[in-house]
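Colleague: Feature list, courtesy of TrEMBL:
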- A:61-80: transmembrane segment (TRANSMEM)
- A:87-109: transmembrane segment (TRANSMEM)
- A:129-151: transmembrane segment (TRANSMEM)
- A:172-194: transmembrane segment (TRANSMEM)
- A:249-270: transmembrane segment (TRANSMEM)
- A:282-300: transmembrane segment (TRANSMEM)
- A:375-394: transmembrane segment (TRANSMEM)
- A:415-434: transmembrane segment (TRANSMEM)
- A:481-502: transmembrane segment (TRANSMEM)
- A:523-545: transmembrane segment (TRANSMEM)
Amino acid sequence: MNSSLAGFLQALALVGALALSYRPLGDYIAHTLTSRKHLRIERGIFKLIGVDGDAEQTWGAYLRSVLAFSFVSVLFLYGFQRLQEHLWLSLGFPAVTPAMAWNTAASFVTNTNWQSYSGESTMGHLVQMGGLAVQNFLSAAVGIAVVAALIRGFTRNKTDHLGNFWVDLTRITLRVLLPISFVFALVLVAGGVVENLHAAQIVHTLSGATQSIPGGPVASQEVIKQLGTNGGGFYNANSAHPFENPNPFTNLLAIYLMLVISFALCRTFGKMVGSHKQGYTILSVMGLYWIASASLITFFEHQHSGIAAQIAGAAMEGKEVRFGIPGSSLFAASTTLTSTGAVNSMHDSFTPLGGGTAILNMMFGEIAPGGTGSGLYGILILAVVTVFVAGLMVGRTPEYLGKKLGAREMKFASLYILTTPAIVLCGTGLAMSLKAGHGGGMNNTGPHGFSEVLYAFTSAANNNGSAFGGITVTSTHWETALGLAMLFGRFLPMVFVLALAGSLAKQAPVPESTGTLRTNTPLFVGMLSGVILIVVGLTYFPALALGPLAEGLH
Amino acid sequence: MAKPLPTALRNHLTGLRLLLLFTVLCGLAYPLLVTGISQVAFSSQANGSLVKGKDGTVVGSSLIGQNFTTTSADGKTVSPDPKLFQSRPSAAGADGYDPTASAGSNKGTNDAGLATTYTQLKAAIAKFNDVSQSQVPPDAITESGSGLDPDISPAYAAIQVNRVAQARGLTDAQVQALVAKYTQSRTLGFLGEPRVDVLNLNIALTKLG
């Protein structure tokens, strides 16, 4: 069997597995978000934290809870890293420097998991599992909670109530993320991922040199890193490291885990709004972009353009033999389209157009299928914009899922769309102009060096977390700038999403008429796909032209 | 009666309490439970799939690649050991294959230095194995993503068979048989790429004599 056919079958197996879990998982999450009954352990938790599990919040209260929780999380994680030398299992590592600890705290709380540190030489086991991995669970749950509030905005009428953030957060973590993680962590260990509390073990190699074999509770962190679309590797090489991702099976499982919740949330959405077709429409757009992107990256990497790759005979720089081109490309497409940002191959060494596609994937705003929760709210905002654009053409007040989209709603949607590009483009522009502080971190020269900077800001603002890893981002300038990009890129859009949800929930439903644009048809799939490409994609075209396109079309 | 706390402060306290609860649950109970079960049920994998050499001591992990080198009598030059199969080049640490510094080169494919390195490596590897340059496969000259890649392609193993056989005084067929034994095909026939596990192959070679 040749490599391309095997790669195709691998993608097919992945699609099959995702299709099988779509309905049960989506329905289960919908049940989790709508059930009136609390589990006993949940009642206990609500009592301990002093929350009435049956009380509902307005959009403002919901938002304040999100922000308060995240603020406390950043402080806590910052302190955790700064104190690590005094803690159990520190492995003798000193306290993380202030700039790096700030950047890492912002990174893990925003579900970005950008890593300016190198795991195996910076973080002790306790900080990894008790600090970083905890945010892997919670930041993922926050994303799902926010999209739950947005969906309730569509389904509820004439109310201020959008649910309760504390209840949503607790339930998603306890009922969805923890059980799935537990099962697949054991599967990963069986497959060869390490899970222990050892410090590095020194061995004498076959040739008599010494090698230090690292330890760590890796599998338990690895699984939620993918499932929660986080992406922060236990080790520096992330999922390319054989202890995180030892074989082709664990590789496919990793890709499956990073996609499964975000795709299944379309089912959750369909179920909650009472029309599975609405869910399938969104799913189709996500699926189209995902398939197109995976095919493109695989194609470009197989083509291996570029001087060095031509000499080598294949674009194997930065790729592992066990994954090859197909396993690396499928992973790269999925990780940049889901806001995961884990890497099993080094994107910096991809072909110019292959790496460029990875950047473009993130620029679409992480919506195909995107991060847990954030992917769905991102694409729903774009659906709102699409309905609005279509409404303009026929001169009617647009409506989506029975709610009118007036000036107020469109303002929030527009602000959402503008936030991330503003952060990415201003951040990149500033970095390039302040050469001493920022552009100085580039590993490559020319257009490829520019791509490294563009990638960094795109990744941070879209909360992806992968990198063109050659760039050096440990200066205080970079740590601060990217930390801010991550925080603004995460929480400003959430403000607009929740404000929109509040304004939708207040409305009375509009009965469907003959003039209503039907949003559950192939036509709408095409329109939404087009709007994503034009509104979002074209925003970045000039920047892409300076980097990957300039290099790739050279 | 004490004055109720302002809402903003109450929100943050609720957040802190929930965070602490989940730190215990997701950050301690969950990983420790998984570690406990793994140590009992999958002890070898959980501890790094360590492998032993001829004399029974641990020589590494079957998942982590190594340098297979020989040091000259004066201890000054380190060169590839002709008696052992060679791994891919590695960007992990100064000498390569350092698990405390896992990394790829992160060089772009249009990097001029990278092209020069490839050309030189290709010539050196062809000479070392006494084959033509066109026979040197891509993985032989490229650095992996982790810098710890435990595998090489069957093509790279194939061009090393004759060299290893001659250096060890074995027949090509004997070495070939061992290579075949440590070659893994695609999982289930379609997952990943065929590959040769270099460390285990080399251990088997040293056991052979």
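The backbone N, Cα and C atoms fix where each Cβ goes, and this holds for glycine too.
So that I understand the layout, could you describe where these features sit and how close they are to other parts?
Modeller: Listed as Cβ neighbours of the transmembrane segment (A:87-109) (distance under 8 Å, sequence separation of 6 or more from its ends, same chain) are residues 70, 73-75, 77-78, 81, 115-117, 121-127, 131-132, 135-136, 139, 197, 199-200, 230, 232, 465, 474-476, 479-480, 482-484, 486-487.
Tertiary proximity for the transmembrane segment (A:172-194) is limited to same-chain residues at least six positions away from its ends with a CB under 8 Å from its CB atoms, namely 28-29, 32-33, 39, 41-42, 137-138, 140-141, 144-145, 214-216, 218-220, 222-224, 227-228, 242-247, 249-250, 253, 257, 261.
Within the chain carrying the transmembrane segment (A:249-270), a Cβ under 8 angstroms from the stretch's Cβ atoms is held by residues 10, 13-14, 17-18, 21-23, 25-27, 29-30, 33, 140, 144, 147, 151, 176, 184, 187-188, 191-193, 222-223, 226-229, 231, 239, 276-280, 282-283, 286-287, 290, 322-323, 327, 330-331, 334-335, 338, 340, 342, 344, 369-373, 375-376, 380, all 6 or more beyond its ends.
Away from its own ends, the transmembrane segment (A:375-394) comes close to residues 143, 146-147, 150, 229, 262, 265-266, 269, 282, 285-286, 338-339, 365-369, 400, 405, 409-410, 413-414, 416-417, 493, 496-497, 500, 515, 517, 519, 524, 527-528, 531-532, 535-536 of its chain (Cβ-Cβ under 8 Å, at least six residues beyond either end).
Through the fold, the transmembrane segment (A:481-502) approaches residues 58-60, 62-63, 66-67, 70, 102-103, 106-107, 110-112, 114, 116, 146-147, 149-150, 152-153, 160, 162, 374, 377-378, 381, 384, 409, 412-413, 415-416, 419-420, 423-424, 427, 430-431, 438, 456-457, 460-463, 473 of its own chain, all at least 6 residues removed from its boundaries and within a Cβ separation under 8 Å.
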Colleague: Among A:129-151, A:415-434, A:523-545, which stretch has the most Cβ pairs under 8 Å to the transmembrane segment (A:282-300)?
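Modeller: Most Cβ pairs under 8 Å with the transmembrane segment (A:282-300) come from A:523-545.
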